[in-house]
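Q: Sharing a structure, written as structure tokens. Questions coming.
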Amino acid sequence: IEDVEYLFQLASIELPSNAAIVSTKWLSDCIRAKALTTPEKQHFLCRKAPEKKLPNDSATSTDISSASAAALSTEFLCQMRCPLEHHNASLAQALSVLARNSEHQYGITKDQQYYAKALAFDRAAACLKSLQQPLLSISQLTDSCPRYIGDHAIRIITELLNTGASVEVDAVTGSDLYQCMTNLTAVYGVGQALAYKWYSCGVKSVSDATHRLLRHHECGEGQQQKRDSELGALLPMGGGDHKRLQTGLAFHNDLVNKPVTLAEASYFRDLIAKLLLELRGPGFTVTLVGGFSRGKSTGHDCDLLITHDVEGREAGAVSDLARVLTAAGMVIHGTFEANSFSPSVLSRDFRVKELRSTLDHFEKWLGVIKLSSKDADSSTVDRDVESIMVKIDGNGCDRRGAEGLPAAKRRALSPNYCAFDSFAEAVAMAGGEAGAASTSRGWLARRVDLIAVPRSQYAYALLGWTGNRLFNRDLRLFAQRQRRMKLTSHGLFDLQKEASLPASSEEEIFQHLGLDYIPPKFRNC
């Protein structure tokens, strides 16, 4: 009852003295009965008995610690410490469900209210992650409740604390649309809009989409026009996305159901570092970023930052690596993006709007490769690199990529490459619609991103690619609103002084912003 009274106080509404306050369980029972039922004893809320505190045991207190209270008083998540493991996992997960649902709705409708809701739920969940003790009562937040824990989130948290469940969260997780959108957007190459397009056409699972695409390739001439119409409903706009989508569907079992392990990611990092040494000589640094650098033991891909001690020598390294991996028979699908950076990127005005507004202009290669399904062991890197070199020599590719080769051979070893010509071939390569066991084919499909970064921009790229996206968004928002600066993965620009601020480390970037340094393991907002 104390929590309900607190909510009425927030809303400046007087709670009637004769009001009988019931839990949401009564509402759930009414819905099941399809009628207003008489509340029973278990439906009524009661006042909590005074809590007894053990002497000299602060862990039994329901008061938020001073450190947590200090974190809650800030407006920006980039000043909070959000560890991977925290005390309020179930509460944060429930809010994350509502955030993802709002994100789906925003992707479908482009209505800004859903974008705002997704952001609000995510920020409230991050706040809960930062607490150094379990949240046992909503009144614990009375004195330091940040303004971005909105009324909606407060209602959900209160309901969860009182009953252990939320009618709204249960309704969302049980809805057909949410389940389908969540499953379909997990496919590599499928965004919110395409997932909803599939859902509207009756495609509600990965197997549905796979089966329909295969039917298109198997149909006879008389059915071709009808099948072409169906195919148009399944494929995204723009032919360049088709191969990536087909890769995502064919190898969905590997890419989604079998996450990349830290051992695999570390092995691939060491493999790339050794290949660069063989191809281009010493001076390169290869860093594993993303969730792994924040303490995660698994992830959906392996992101590697590549830089060189000498500014400019990193240029072309990514395309050379892509060609060598292709010549070695390791690439299933890959897309190369040339460096598009210009000084104006640092200084032009901007607004932090989108949930994923972290695009950069580095040279990069985004691919899906074959990685041995055996236990990843960095001790075998030297042997594996030697084997790769033998393969590329046999394929007529010199150790600097495809330079000097005939035009046809250069095209075959292009950094933009796909190992299959049709979706049916991709499915066969994967081992059939269900996907073969990795032990039978000896490898797993793995998503990898290779990003070449100039040494002068490395600290900023490291900060940006470490994530997570909410932390980055708020850090950039803080720079914009509180410091009149523009922060990107390329640098920090002081809009008042009209000058770039160089940095050789993440710590130095935080110093430029006047913030305490937050280690990567506490950036899991």
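Backbone N, Cα and C define each Cβ position, glycine as well.
Unlike curated entries, TrEMBL annotations are predicted automatically.
Annotations per TrEMBL:
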BINDING   Asp301, Asp303, Asp449  Mg(2+) binding site
DOMAIN    1-44  domain 'BRCT'
Q: Taking 8 Å from the centroid of the Cβ atoms of Asp301, Asp303, Asp449 as the cut-off, which other residues in that chain fall inside it around the Mg(2+) site?
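A: Same chain, not in Asp301, Asp303, Asp449, Cβ within 8 Å: Val289, Gly290, Cys302, Leu304, Leu366, Arg447, Val448.
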Q: Cβ distance under 8 Å to Asp449 (Mg(2+) binding site), same chain, sequence separation 6 or more: which residues?
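A: In sequence order, Asp301, Cys302, Asp303, Leu304, Lys364, Trp365, Leu366, Gly367 meet the Cβ cut-off.
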Q: Just how many other Cβ atoms lie inside 10 Å of the Cβ on Asp303 (Mg(2+) binding site)?
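A: For Asp303 (Mg(2+) binding site), the 10 Å Cβ neighbour count is 24.
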